[in-house]
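Novice: Sharing the features that Swiss-Prot gives for it:
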ACT_SITE  E181  active site, proton acceptor
BINDING   D45, D84, E114  Mg(2+) binding site
BINDING   D45, S46, D84, K112  3-methyl-2-oxobutanoate binding site
Amino acid sequence: MKPTTISLLQKYKQEKKRFATITAYDYSFAKLFADEGLNVMLVGDSLGMTVQGHDSTLPVTVADIAYHTAAVRRGAPNCLLLADLPFMAYATPEQAFENAATVMRAGANMVKIEGGEWLVETVQMLTERAVPVCGHLGLTPQSVNIFGGYKVQGRGDEAGDQLLSDALALEAAGAQLLVLECVPVELAKRITEALAIPVIGIGAGNVTDGQILVMHDAFGITGGHIPKFAKNFLAETGDIRAAVRQYMAEVESGVYPGEEHSFH
C-alpha cells in the first residue's frame, strides 16, 4: 500500500471529498485502523486522559508522545501520522524544533500545535526546517485553565473574526493542516472555505474537509463526560472493525457529525 500523504488530503479538499481521521496510541489499534483503510492518525496528548488517567492533557511529556508515536508507526507504517507537541513543548521556536525533531524521529510525519497568531514565527521556523505543521484552533485543551473549562470557542463576531484571522496567519506561515475544535458550524464553514489547506473538525459540524475523533469516544469507552460531538459507533455495530468502517462511511457521506453533534 502506498503511504498516505498530505498531498492526498489536499487533493481531497479540492475534490470536496470528506475524509476521516482518528487518534491512536498503540500498535494494535493502529494496525486495525490501517487494515480498515483509516490511514490518517493522530497521537494526541489526549492520551493524558484516555490512557494515563489524568484530568487534563497538561501532564503529558514529549517522551510520552514519542513513545506512543513509535508504537503507532509500527502498527501503521504507511499512515499519515500526526503527533501533538504537548503543553510547554513549544514555548519558543527553538524549543519547538528540538521537540518536533524528537517526535519526527519516533515516526511522525507532522506535528500539531495549539494556538493562533503568536505561533507564526514557530510555524515558519519548523516549516523551513522540513517539519510539517498542523495548527489547532478553537477549543485548545492545553489552554483549559485560561478558558475556565472545556467550552465552545468563537461565538460572536469578534471572537469568530479572531479565529479566522488566526487560521489565515497559520496558513500563511506554512501550516499544511488545521484542526478546528468546538466552534460554531457557521464559523467552521467560513474558515474552511477561506483556507486552501485542509481543515479537520471535531465538534465543528460536517462542513469541514475532514473529521477527527478520539478513538475512545468513537467506541464509547470514555470513563467520564461524553462530549456532545461524540458518537459511539461500536454501540451500533457491536464490532470494532465494523465500527471503524461505519465511522469512515458516515464522515465521507456527511451523515456524521449530525445536527445533534454540532454547535451554533
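Yeah, the Cβs are placed from backbone N, Cα and C, and that goes for glycine too.
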Novice: What is the number of other Cβ atoms found within 10 Å of the Cβ of S46 (3-methyl-2-oxobutanoate binding site)?
Specialist: 20
Novice: Please list, in sequence order, every residue of the chain apart from D45, S46, D84, K112 whose Cβ lies within 8 Å of the Cβ centroid of the 3-methyl-2-oxobutanoate site.
Specialist: T23, L42, V43, G44, L47, T57, V60, I65, A83, L85, P86, P141
Novice: If you count the other Cβ atoms within 10 Å of each Cβ, which of the recorded positions D45, D84, E114, E181 comes out on top?
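Specialist: That would be D84, with the highest Cβ count within 10 Å.
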Novice: Of S46, K112, E181, which recorded positions come within 10 Å of D84 (Mg(2+) binding site), going by C-alpha to C-alpha distance?
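Specialist: Within 10 Å of D84 (Mg(2+) binding site): S46, K112.
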Novice: Give the number of CB atoms, excluding that of K112 (3-methyl-2-oxobutanoate binding site) itself, located within 10 Å of its CB.
Specialist: 24
Novice: On a C-alpha basis, identify the one among D45, S46, K112, E114 that is nearest to the residue listed as 'active site, proton acceptor'; the candidates are the binding-site residues.
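Specialist: Result: the closest of the binding-site residues to the residue listed as 'active site, proton acceptor' is E114.
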Novice: Could you measure between D45 (Mg(2+) binding site) and K112 (3-methyl-2-oxobutanoate binding site) for me? Cα positions, answer in whole angstrom.
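Specialist: Here the two Cα atoms lie 10 Å apart.
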